[in-house]
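Have a look at the structure below, then the notes.
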Amino acid sequence: MPGRSCVALVLLAAAVSCAVAQHAPPWTEDCRKSTYPPSGPTYRGAVPWYTINLDLPPYKRWHELMLDKAPVLKVIVNSLKNMINTFVPSGKIMQVVDEKLPGLLGNFPGPFEEEMKGIAAVTDIPLGEIISFNIFYELFTICTSIVAEDKKGHLIHGRNMDFGVFLGWNINNDTWVITEQLKPLTVNLDFQRNNKTVFKASSFAGYVGMLTGFKPGLFSLTLNERFSINGGYLGILEWILGKKDVMWIGFLTRTVLENSTSYEEAKNLLTKTKILAPAYFILGGNQSGEGCVITRDRKESLDVYELDAKQGRWYVVQTNYDRWKHPFFLDDRRTPAKMCLNRTSQENISFETMYDVLSTKPVLNKLTVYTTLIDVTKGQFETYLRDCPDPCIGW
């Protein structure tokens, strides 16, 4: 009990510190300028490209990529196992993962289960652990997404992928363990059919859903987690118990990227499809006004907040809180993002200035794995690994 009390006091102290720090220098800063093209201490490096051939059988599609990334995937899978075993030292949870999760196959939609089987085979990681690795992303995605329209009606979509909160803190270098281990797993993917691009995405090797992507010339899509009491854990439990009329959110976003042929079709599917976990879908199109944040409960859409430049709404910003509510006081990335967009102005929004906004603390923080910039009309899709050197807020 004394140990637990000590942990509680440490967490309380950290929370109070973050509450104060997030709104005061040096953990926040004036809006950054001239950070693009990426360089300097907040730039970790470029993200490699791989082609995923959709003409191959699903079992074989990921083999080339996973041969390269198997060693780093094993590192993060082992880290997650160690964290679980720390809380449940008996090892029974991992025993259930390894023995029971593969029995759920036959219940996943489309090609996803064959793809996961193929990844397990080529990496020599138990199939149950590959499945749990894919479930993992339904629960811990903490992000900032923005769609902005310039004075000419041109759209730019930007996002920071923040991931790994409370999943192990490295006291030696002040970083989140899982966040750092995800960086070498980050890949750009060119999904092709008949040697032609169907869509492009940034993802983590071993994950067959999609969190960030675009269909050149048509639309862009990012996914943010939505915290809710009626949340992902409940949805996963219901799914395990046999309720199969819902879609995994990462599988839905991939299905939309792969099959939808217009902004409106994508919006319709993202608005109406029953999903496993609450989420925000941030969607951008190819013409003026085509940008929105879809706030989803598991069964229905609660809100579709759209661009309306004529009414002065030339951007939409989404973090992980409903737009009509105040962000959690320990985690307000929305306010600084909006402040920097307003200072940038519609006249000056561009790839360069969008990167500036996403490089400003605390929009950029210790959880940030990568930043993506998308221009649907020009076919530009750029992803950069990020660092947030001290002093930098933990989230």
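A Cβ is built for glycine as well, from the same backbone N, Cα and C atoms used for every other residue.
Now, the feature entries from Swiss-Prot:
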{"type": "SIGNAL", "residues": "1-21", "note": "signal peptide"}
{"type": "ACT_SITE", "residues": "C143", "note": "active site, nucleophile"}
{"type": "SITE", "residues": "D162", "note": "site 'Important for catalytic activity'"}
{"type": "CARBOHYD", "residues": "N173", "note": "N-linked glycosylation site"}
{"type": "CARBOHYD", "residues": "N195", "note": "N-linked glycosylation site"}
{"type": "CARBOHYD", "residues": "N259", "note": "N-linked glycosylation site"}
{"type": "CARBOHYD", "residues": "N286", "note": "N-linked glycosylation site"}
{"type": "SITE", "residues": "N320", "note": "site 'Important for catalytic activity'"}
{"type": "SITE", "residues": "R333", "note": "site 'Important for catalytic activity'"}
{"type": "CARBOHYD", "residues": "N342", "note": "N-linked glycosylation site"}
{"type": "CARBOHYD", "residues": "N348", "note": "N-linked glycosylation site"}
{"type": "DISULFID", "residues": "C388-C392", "note": "disulfide bond"}
Distance [Cα-Cα, Å, rounded] between N286 (N-linked glycosylation site) and N259 (N-linked glycosylation site): 17
Residue from N173, R333, N342, N348, C388 whose C-alpha is spatially nearest that of C143 (active site, nucleophile), among the recorded positions: R333
Spatially closest candidate among D162, N259, C388, the listed recorded positions, to R333 (site 'Important for catalytic activity') (Cα to Cα): D162
Cβ-Cβ distance under 8 Å to D162 (site 'Important for catalytic activity'), same chain, at least six residues away: T141, I142, C143, T144, T179, N365, L367, T368, V369, W395
Cα-to-Cα gap, N342 (N-linked glycosylation site) vs N348 (N-linked glycosylation site), nearest whole Å: 10
N195 (N-linked glycosylation site) and N259 (N-linked glycosylation site), Cα-Cα, nearest whole angstrom: 16
Cβ contacts of C388 (disulfide bond) (under 8 Å, same chain, 6 or more positions away): T42, K361, L364, N365, K366, T368
Candidate recorded positions N173, N195, N348, C392, pick with smallest Cα gap to N320 (site 'Important for catalytic activity'): C392
Largest tally of Cβ atoms lying within 10 Å of a Cβ, found at which of the glycosylation sites N259, N286: N286
Minimum Cα separation from C392 (disulfide bond), reported as the residue among glycosylation sites N173, N195, N348 that achieves it: N173
